[in-house]
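Novice: Checked TrEMBL, it gives:
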DOMAIN    41-269  domain 'Tyrosine-protein phosphatase'
DOMAIN    192-266  domain 'Tyrosine specific protein phosphatases'
REGION    306-327  region 'Disordered'
REPEAT    435-477  repeat 'WD'
REPEAT    481-514  repeat 'WD'
Amino acid sequence: PLNIGKIAEAAENSVSLEGEFKEIPAPSTTLEDLPKGVESKNRFSNVIPIPDTRVLLKQIAGDETSEYINANFVRGPRDEPQYYIACQAPLESTVPDFWRMIWEKQSKLIIQLTDLFENGSAKCADYLPPSEVLDCHRLYGDFQVTLKKRELKQGYIISFITLKHMNDNLRRDIVHYWYTDWPHSGVPQDPKQLISMLLECRTTVKDGTSSIVVHCCPGTGRTGTVIAIELLMRIIDTKKPIDVPRTVYKLRRDRSGSVQTKEQYQYKYFIPLFEMGSRAVDDSSGEVASDDDTSSLHSFSTISSNDTKAVGKRKRKGSSKPPPKIGYVLKSSVTEDHGKSLFGVRFNDHLKDDSPKIFATAGSNRVTVYECCPSGAIKVICIFADPSPGPHAEEFFTCAWSFDKETGRPILAAAGEKGVIRVFSLATRKCIKNYIGHGTAINELQFHPLLTDVLMSVSKDYSIRLWNMRSDKLIAVLGGVDGHRSEAISADFSRDGRWIVSGGMDHSLKIWDIGSELMKGALWDSAKLNNKHYKTVQVNFPVFSTRDIHRNYVDCVRWIGDFVASKACENEIVLWKPGKINSSEIKGSQISKLHVLTVADCELWYIRFGLNVNNKVLALGNQFGKTYVWDLDIDNLMEAKHVLLSHPKCNTAVRQTAISRDGSVIICVCDDQTIWRWDKIKDEDDSVNDDSPDLLR
């Protein structure tokens, strides 16, 4: 056992920890430990539950295999025998067994530590409904799963679920925590979000009243790591010395293979240090830090104030957090050779942070996919080009990323002047679908944040359309009686998928409710592959409309929590909220204007900003090649300051910017077909020298 001082020393000695890790006994299991006939219920042939602690389900109709699930009970902080359940991620065929286990063991809390797909491989069946608004029910065997509410936090997602036993007509409430920031290999770099999630989990259930279910893909590495961390955090509460090897050994006696790598093991030494340090900071300030208190944009929805000037200010004891200092360095630039403007750029945000950073550009008759190399270079991966000759060739304006639910492989949608949506597969390097419906140009594409088969197109024909790419159906047309009176230019889904905000050449901003009963039914019916008689829904009336924010073309709109950022050809981005500042109601035309971000020389239309909501960074270029970047993670939004990115050779309009998922890279695309890569400076002493010749490649 080690005290805090010894823990700090041990954490820095990786060689010693590696030897310590190798010496911890690892009880093994074999295929002989499996009941007969259950092999197909295991994800991996070498991950076998220990017989003595294996979770047993109730037998169904004399079928002995119905008792089996790949899961083990794990003892708790005071050796409670069934405090946790460590299990593999459900397969498509074992999802009913998973929910049966939750019901029979009366579990109220589930912690998921894996994505559905990682690096193109299936890791977990999708056992939750995708949206509490649009598609909230799923039936698995004898159980109906209903998603009541979903909250997006920094690094994790909380889903509130009702589980109903259809035969007994009984219901139970379940809370599901999904940690989304675990890299494909290694461990999370910043433990803050993981600790925050685990502390929040404690408020969900009382200690020992029901088993806490924890799973990754095999139910060993990440699962064992998080259970061990949770146990160590509870030891910290008692102020007793910490014994990491003993904790891991006891865990392995219950779930074979728990904590698989040296990195996972070493992580357990850093977590107590971070936790103790965090508590020391919190104690010195006289208050307990919460997740909402670390993220100004995520806390927007909870602001209650009669004075819009106070928006963005969080009440704290002591001094407020000053505006952060951020900086970027130019790493490289490339030039495409088609001789036309580049209008669109998007990162593939469905990839994990430790995966290669992939982005696509749209311009001329091409959509080009690039990789941001660790060296700082930009490398071409593939090019999709319209082969039509001369005036018949497409000119692409926009692109958007999603993925194939069955394979996990990325797909890329693109559209432009001809009004045809093309869907490309990066696996086959081919165009796999075409959608025709708009009579003229498509200005923007967006995928639904939860229903990844649902694609939105925004068109010059005044309308916004929703498409289901799985069934190839046109779900709905938004526009008509009270729709846009001129070209629709930009639109965005809210993060919960219920609302669409749109802007256009008529200077108006409109909000559409796709969580209405009509639209929920349309989204559900359109997803049925055999529904030949599906009729496209026409939505003529938005729930909100205003022309009081902008006096020119509205060419870029994005949701930020409950608020909207919108830009017109007026040298500014306006941050505003529909309705009253302290109300969640969206209707009519009343607005609360929060703040204005000003820029210079940005009066051309179709210049669009990039926004990273997770890292709270916004970037907008102007018509002379300069890019303004704001870090909005500050206590007082009024104090938001920009940094200016510029280079002598970047001197034409920056049509769009894109920010990588982790906020470390900004890509700018320009009228002169150039692409510029700016990387965030990691060290405070780094400096940017715009005139340095080795910065431009």
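Yeah, the Cβs are placed from backbone N, Cα and C, and that goes for glycine too.
Because TrEMBL annotations are produced automatically, they should be read as predictions rather than curated entries.
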Novice: Cβ under 8 Å to the repeat 'WD' (481-514), counting only same-chain residues 6 or more beyond its ends: which ones?
Specialist: 131-134, 150, 152, 443-444, 446, 448-451, 456, 458-464, 466, 523, 539-547, 549-559, 561, 564, 566, 568, 578, 586, 605-606, 608, 613
Novice: Could you put numbers on the helix, strand and coil content of the repeat 'WD' (481-514), residue by residue per DSSP?
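Specialist: For that range the per-state counts are 0 helix, 17 strand, 17 coil.
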Novice: By DSSP, what is the split of the domain 'Tyrosine specific protein phosphatases' (192-266) into helix, strand and coil residues?
Specialist: 45 helix, 5 strand, 25 coil
